[in-house]
Each structure stands twice: as C-alpha cells, then as structure tokens.
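S.K.: One structure, as structure tokens, below. Some questions next.
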Amino acid sequence: MLKIVIADSYDQVSEEAFKIMRQVVEKENPVLGLATGSTPVGLYKKMIADHKTNGTSYKNAITFNLDEYVGLPRNHEQSYYTFMHDNLFNEIDVPEENIHIPNGEAADPEAECVRYESEMAKYVVDVQVLGIGSDGHIAFNEPGAAFDSLTHTMELTEQTRKDNARFFDGDIDQVPTLAITQGLGTIMRAKKIILIATGANKADAVYGMIKGPKTTECPASILQDHPDVTVILDEEAAAKIK
Ligand code: PGA
C-alpha cells in the first residue's frame, strides 16, 4: 500500500522522512537501508542534528546501502562510499564494521553481487530509504530490471548518466556506465519503505510509480505491491498525480 504525503517544501519532505526514520532508530538493533543522491541529504542532516543535539545513537544500527558505481575507487569523491561517509556516517556514531556498501572496486563484480546479497540475507531491513530516478529507477534498477531481481550489475541508462553528470563536472563521459545494485526483489523484502522525491523532473516517474501499470518499464511501480510504503513528495513532484 502506498501512503502519499505531500509536503510544501524540501525541508518538510525531509522532516516527514525523518519522523519515520527516528521511530525505527529507537528499536534495539535497527537495520537501516540507506540511499545516495541529492534527495536524502536533508534527511541525513536531520539525523545528524538529532544525534548531536539529543544524543540519539546509531551504535547498534546496521546499515545497508542500495548501490555503488563499478570502477570508481572508493575514495573518489563521487563514490557512494565517500558520499555516505561525508553526508552521514562520519557525523554519527555508527561503527564502521556495521556499514555495508557494495564494493565497486571488486575484481569480479558478479561475485560481489552474490556476496552482498548473502550478507543482506542475514538481516531484515527495518526501513529502506529510496529516491526515484527521472526514468523510474529505484536504486540502480533501470527500466527492464526484473521485479524479482536480487543484487546485480546494471548498465546505467543515458538518462541516469545525464541526470548524474551534474556530480561529475557536468561531463557525462565521466559518469560510470555500470553499477552494482540491490535488486527489486531485495528491496521489496524491507519491512517499511520511505520514498522521497522532489522537483518537476520527477513528476512523470512519480505518476508511473503510483498511477501507472505495474511494469518493469517503470521499476518503481513494483512498490504498489509492498505493504508499507510512504511516498513523500513536494508539490512539484506530485503535480501529475493530483
Ligand atoms: P537524486 O537521485 O536524489 O539525486 O535525484 C535519485 C535517484 O536517482 O534515485
């Protein structure tokens, strides 16, 4: 079931997401599914502020990230390893050994997918944070990814590489072409999902996810089958579903 919340600013979108996250973090050993991209940064800022101000601890949290570029060194400023440390992990008290991110530098990416999936199989994700791509992707499950897919490698679409070029000096040629990503089947095992989207360039993908047919052409449409998804949108991202 998709519960839809429309908030009137990016800060409010982040606040609504934070409220759900905060409840889960109070659990004894929370398992947090985390995402990269610009959308979750506001949520992460609120988690950091709450940790610093109220002492909310992540000592017993386990984290699993959704995806990573293949071929970027992990200390590259645009690797998701670096992104997560800069935007969250270095500012809270989650132990490094509790953090899981696919290894984009693995000599055998296919073997890394199997390793990552089997690590995830030891846990149940309590809450998964998701963004959505303008092509309807969730994590790096691009159009055509199977609904029952497990962690796999995925060629990035031209659209995704164009969208992400802004992080690579605006140069699409610097954007990696391949990623390791949790599959749609992996993501669907999470107990609870928060999907956040802002801005007019997400309106079509949001429409496809919520109102469109369930089709692998819009990977996010699989969420229609999940029992506990909260979709948090600003007015622009919600423009086509009203
Ligand atoms: P964004 O990315 O938050 O940077 O828009 C979302 C996504 O591609 O999942």
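The first residue you see is number 1, and the count goes up from there.
Even glycines carry a Cβ here, placed using N, Cα and C.
Copying in the features that TrEMBL gives for the protein in this structure:
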DOMAIN    12-226  domain 'Glucosamine/galactosamine-6-phosphate isomerase'
ACT_SITE  ASP67  active site, proton acceptor
ACT_SITE  ASP135  active site, for ring-opening step
ACT_SITE  HIS137  active site, proton acceptor
ACT_SITE  GLU142  active site, for ring-opening step
S.K.: Among the active-site residues listed here, ASP67, ASP135, GLU142, which has the most company in the form of other Cβ atoms within 10 Å of its Cβ?
M.R.: ASP67
S.K.: Provide the number of Cβ atoms within 10 Å of the Cβ of HIS137 (active site, proton acceptor), excluding the reference atom itself.
M.R.: 27
S.K.: What whole-number Å value do you get for the CA-CA distance of GLU142 (active site, for ring-opening step) and ASP67 (active site, proton acceptor)?
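M.R.: A Cα-Cα distance of 12 Å.
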S.K.: In this predicted model, what is the average pLDDT of the domain 'Glucosamine/galactosamine-6-phosphate isomerase' (12-226)?
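M.R.: Mean model confidence (pLDDT) across the domain 'Glucosamine/galactosamine-6-phosphate isomerase' (12-226) is 98.
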S.K.: I need the CA-to-CA distance for ASP135 (active site, for ring-opening step) versus ASP67 (active site, proton acceptor), whole Å please.
M.R.: 17
S.K.: Can you tell me how far the Cα of HIS137 (active site, proton acceptor) sits from the Cα of ASP67 (active site, proton acceptor), in Å?
M.R.: 12
